[in-house]
Amino acid sequence: MITYIAPTRQFRFADRIDIVLMILGLFFVLMHGVCALANIILFGRITGLFATTSFAVDCDTQYQNLESTIINNTVCPLGIDLNALNYDRLHKLCHYDNKTISSTLAPLTPLFHDNVMHLIYWFFGLSILAFLSCSLEYICWTVATKRQTSRMSVLLFQSLIQRNMTYLDKNQTTQYNTKLFTNIEKIKNGMGFEFLIVIGLILLMILSIIMSFVLNWQLSLIMSCLIPLIVGSSLIFAKVITRETEAQLSTYSKAGQIAQEVFSSLRTVLSFNGSKGQQKQYEKELKLNEWCTVRKDAAFGAFFGWLIFINFAVYSIGFTFGSILMSYETHHRLTISDILIVVNMFAQALSLLISIGPFFQSISEAQGAAASVFRLIDEVHDENLNEKEILQENISDEKSISNINGDIEFDNVCFSYPSRENVTALNNLKLIARVNQTTALVGSSGCGKSTCVSLLLRFYEPSSGRIMINGQSITDYKIKELRQNIGVILFGISIYENIRFGKLNATRTEIEQAAEQANAHKFIMKLPNKYETIVGERGIQLSGGEKQRIALARALVKQPNILLLDEATSALDNVSEKIVQEALDRACKNRTTIVIAHRLTTIQNADYIYVLDKGSVIEEGTHEILMRKERGKYQTMVKMQQHEKNN
């Protein structure tokens, strides 16, 4: 089973619009990174300008009365441009001993002010560009990922509801809700803005290091020696913190397990005077948990302290070696601004390297969730039972359903469930449900009653034998044509929508007529919002009898020729059973009906009854005929239920 996928595979459902949006998002991320670099450069330049001007003010008195002479290449080989802001470099770069400088220096203050304002205009322009790029990168990327995760959710839901019963028998379906919502949410977080942040941080870190080497490779090379130290120390601290976190969770889980066991069997603990011993055991685990928490927090504290130390070390090493290079560099090209820019860029790169870590957890969780989701989407199903055909018909325009009616015949049908292949569910079963009659299937639990319904609805295919309607194999019909009366549980929607689920193009009149036939119209009209009343977890809770009547109305709204009733009144009280039974008796008229009953009193009026045992018919006939068979299976079951009712 796949447990990991490449991060880029998460974007496999992107269409052209999504790709364009993501490219735009990456472009704006690049612009955002350029703005961040330019901000550091401008900060370095303006800081250097302030420092140079401060030095120039101190030198102004010393040089303001010098006589003029020409500075040629002999005097100043570098051809320095003499102005009020480079007094500090004049003595260092030009050999003017015993010579007089020829120049009339411009006033210091206006020149300084012009240069500062020039840089401030750049700051203002960058702030606007950063605002636009940051906003647009978020909008483009989140819209693209939302579109993809929505598409992913639809495909996953479609994949899950296309599963046939064979798959459902072999796999746990209780986790479908988690996969559909929790996993999709993890994927959205992992491929959403957090993913873009990681890309932006990595890009900015690389650009910062490259720019540092471009400005001065000697100082950058010295400072790059800190990178292995930071990476190595971060890995060590991460390993220690992970180990202590696992130990903390383990001890906390053990303490919780002890508490759960004690509270679930508190009478037993008290009866054996075991409360003190259990308390000591609980305190022991909590003490271990406390020490694990202390060690983990200590590791966290040391790690953050180490990061602060590294931050100071970056500036200390940068300014130390920067001053050395500035003093002894042969070509004299390193300035105060260059040192500030290089040091700040390296400090930014190292801080970005550290800050990337927390985002990798979301990306890692998204990769695991995506592997699980994509496996379900890509999984190949059993094409013998084409549930996809059902889905496509349901979402397309309603088509006319063929008139399926006639005798229903099971001809030597054998079947074993895929999850229990060694157990025979049906063994050469032969029975006939006559057209427009009510046929009942009775028997003990596991005798094969419900299996007959499952095979008739083509949830499964028989191992051998045939199931026919009016002499024609059910495999010759479209699956949808056979599933007109399938029972559906109540959804958290209105009663109107619950009934309409049986026939999506049903009119209001048809829905109300179906409710009247099911003895449901009267109680529905007494509800607060009548047919628009919400039922389920978000709305009112209906009784068992009311649910059964709505389920029956859902089946009747299709006006089916074949009606399947599986344990329709098994969980109802006597009053509800009577109301539902009246509705069932009315619904069964002029229909081919197969009834699976637990309460045998509900099928006494059936036209024909089959008694099953171990997947085969052992008795058959009407209620009166079967009751005349002394010590017969049916007679024994009826007498047993009457005895239980009397008691």
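Placed from the backbone N, Cα and C atoms, the Cβ positions cover glycine too.
Some features that TrEMBL has for this protein:
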TRANSMEM  20-43  transmembrane segment
DOMAIN    23-365  domain 'ABC transmembrane type-1'
TRANSMEM  119-144  transmembrane segment
TRANSMEM  195-215  transmembrane segment
TRANSMEM  221-241  transmembrane segment
TRANSMEM  303-327  transmembrane segment
TRANSMEM  339-360  transmembrane segment
DOMAIN    408-639  domain 'ABC transporter'
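Against the transmembrane segment (339-360), the recorded stretches 20-43, 119-144, 221-241, 303-327 differ in Cβ pairs under 8 Å, and the greatest number is found for 303-327.
Most Cβ pairs within less than 8 Å of the transmembrane segment (20-43), among stretches 119-144, 195-215, 221-241, 303-327, belong to 119-144. Residues 7, 25-26, 29-30, 32-34, 36-37, 40-41, 137-138, 141, 145, 221, 223-224, 338, 341-342, 345-346, 348-349, 352-353, 355-356, 359-360, 363, 366 of the same chain sit 6 or more residues outside the transmembrane segment (195-215) yet have a Cβ under 8 Å from a Cβ within it.
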